[in-house]
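Feature annotations, courtesy of TrEMBL:
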DOMAIN    465-525  domain 'STAS'
TRANSMEM  15-34  transmembrane segment
TRANSMEM  41-61  transmembrane segment
TRANSMEM  81-99  transmembrane segment
TRANSMEM  106-126  transmembrane segment
TRANSMEM  166-185  transmembrane segment
TRANSMEM  197-217  transmembrane segment
TRANSMEM  253-275  transmembrane segment
TRANSMEM  287-305  transmembrane segment
TRANSMEM  325-342  transmembrane segment
TRANSMEM  354-375  transmembrane segment
TRANSMEM  381-413  transmembrane segment
Amino acid sequence: MVIPQGMSYANLAGLPYAFGLYGAFVPCIVYAFFGTSRQLVVGPVAVTSILLGNGLSGFMPSEEDPNNPVDAQVQENYNHAAIQIAFIAGCFYFAFGLFRMGWITNFLSSAMISGFMSGASVIIALSQASTSWAGVKYILGLKIPRTDTLQDSLDELFSNLSQFKWREFCMGMSFIFLLLAFKYLSRTYKRMAYLKALGPLTVCVISIALMNIFNWYEPKDKPYIKPIGNIPSGLPSFTGSWWLPLFDVGRQMTLAVLICMIDVCESISIAKALAKVNKYQLNFTQELRGLGIANIAGALFSAYTTTGSFSRSVINNSVGAQTPLANMTTGLMIMVTLLWITPVFKNMSQNVQGAIIIVGVLQLFDYPEFLYLWKINKFDWLVWVACFLTTLFAGVEIGIAVGVGLSLVVVIYKVAFPRITQLGRLPGTNIYRSILMYPEAETTPGVLVLRIDAAIQFFCCEANIDATGIHFLSDFLDELYDDSIGLVLANPNNRVLLALMRAHLDHKIGRQNIRVDIADAIGQATYLVEGRRTEAV
């Protein structure tokens with residue numbers, strides 16, 4: 001499955017086909033030793049490829065056809081820059097694991113990632129942003145330059161329709177229908193789950209057979225159906241000397257961070273789901289380190305950024321993989337392919353790549369999440385829509401930036417305006433619940449029981465209270481006391497208690513007014529109310 005996908009995704013990244021095979025060779029073997037997921041399959045993926053291709057083309061000269069460059073030096077520099085980003089991203093991966101910083105990915109909400117990937121899937125399918133021969137252009141047989149937005153891609157597409165080649169279109173569409181049929185059968189009938197993995201390999205075999213039987217790859221200057229051409233044989237060369245100096249430090253570092261963040265979210269979420277299904281514990285810290293080491297090792301041998309593949313990991317799980325040995329096997333099979341089998345792909349038609357890309361990215365368009373978010377959370381739905389549209393019409397980097405920004409705005413908004421719930425006691429119990437959800441809940445005369453569903457602080461940090469929260473609480477106490485109202489706290493956690501003691505607010509509140517549970521706090525509040533009534537009499 002990874003051989004045709006790897007070659008297709010490498011082209012999406014603006015790299016020669018062979019780099020896609022390199023990405024599934026060394027990283028797979030290294031991850032088998034250092035990763036903790038038993039089913040996760042690492043290698044080239046569509047989202048990383050389009051991010052890399054779009055990001056590099058913004059500041060690096062690139063060739064329209066990376067496999068047959070007009071200027072070999074231009075493509076060589078581009079390849080160097082891609083390897084450098086793989087090295088930097090691997091270092092970030094490892095650092096996240098070393099310093100246990102995986103929590104940073106919490107700021108990349110699932111709505112943001114889903115919206116971004118859905119927008120990117122449309123971009124990939126229309127072949128824009130990262131390569132001149134992919135997606136729809138493969139199927140139609142068109143030669144269209146790189147573009148950065150959907151409207152530019154459509155303009156180029158329609159202005160070049162005169163190049164339309166019906167033979168490539170018919171052949172490419174047949175491959176798409178065959179791949180979709182394989183996916184449908186594998187999803188509908190569990191015994192045929194293996195068909196999803198066989199789909200890409202099957203269309204490759206059919207393409208190679210037809211192209212060679214009928215000589216459709218001739219004549220070379222204007223072939224009947226365009227083949228992919230030569231793929232270099234042999235193991236990848238050593239590229240550790242490519243790491244430094246960087247071509248553009250700022251842009252390459254930024255791009256590496258973006259790729260790393262998206263990859264971490266994608267890979268960890270897949271690994272977590274597979275670990276849950278197979279009932280074992282995933283070591284997230286070691287997982288990040290393992291992915292980092294795999295990327296760094298890959299960058300030593302011509303592999304661009306790799307991460308966990310959703311589709312290949314699902315297939316790996318469905319056919320019964322139980323140990324990382326599956327990754328080792330994949331890596332060794334890729335080695336065999338690189339040494340002896342790459343000449344077989346020379347006459348394979350380019351429209352196979354388009355079919356694989358289009359069908360592969362269909363699963364990235366997450367319309368069920370769009371409908372789901374509309375039903376349960378309008379804020380997250382707006383983040384999804386904004387990220388989708390921005391990615392589609394402004395480009396992937398701007399789409400990510402807008403998505404992260406909106407995710408942070410939503411988080412800050414929820415913290416700034418927390419839900420405050422009035423509680424009442426359920427009849428015959430000491431259980432306190434919202435009086436809106438439980439109308440039968442009883443309130444205590446003279447006592448208002450409130451629950452703040454957020455931390456009292458400048459920014460949320462897991463049930464903590466910061467300096468701003470301390471100042472607010474002190475001022476709030478003064479206002480309450482001026483109005484002859486007492487404050488009783490129920491079961492504050494240790495961090496809050498420590499912060500109150502350091503600020504001497506425990507004395508201002510009164511230690512007798514800090515209780516262990518709600519029922520105890522209600523008793524203390526009732527005692528205060530009765531005492532003040534007695535004083536008034």
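In case you wondered, yes, glycine gets a Cβ from its N, Cα and C as well.
Keep in mind that TrEMBL annotations are predicted by a computer and have not been checked by a curator.
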Proximity verdict for the transmembrane segment (325-342) and the transmembrane segment (81-99), three or more C-beta pairs under 8 Å = no
With pairs closer than 6 in sequence left out, are the transmembrane segment (354-375) and the transmembrane segment (253-275) joined by 3 or more CB pairs under 8 Å?
-> no
Beyond the flanks of the transmembrane segment (41-61) by 6 or more, those residues with Cβ under 8 Å of it | 2, 5-6, 9-10, 12-14, 20, 23-24, 27-28, 31, 35, 74, 77-78, 81-82, 85, 117, 120-121, 123-124, 129-131, 146, 148, 247-248, 251, 255, 258-259, 262-263, 266-267, 291, 294, 304-310, 312-313, 315-316, 326-327, 330, 357, 360-361, 364, 395-397
How many of the residues that make up the domain 'STAS' (465-525) does DSSP mark as helix, as strand and as coil?
-> 41 helix, 4 strand, 16 coil
Per the Cβ filter (under 8 Å) with a sequence gap of at least 6 from its ends, the transmembrane segment (15-34) is approached by 2-3, 5-9, 40-44, 66-67, 75, 78-79, 82, 228, 231-232, 235-236, 286, 289-291, 293-295, 297-298, 300-306, 324-325, 327-328, 330-332, 334-335, 337-338, 342, 345
Range from 197-217, 287-305, 354-375 with most C-beta pairs under 8 A to the transmembrane segment (81-99) = 287-305
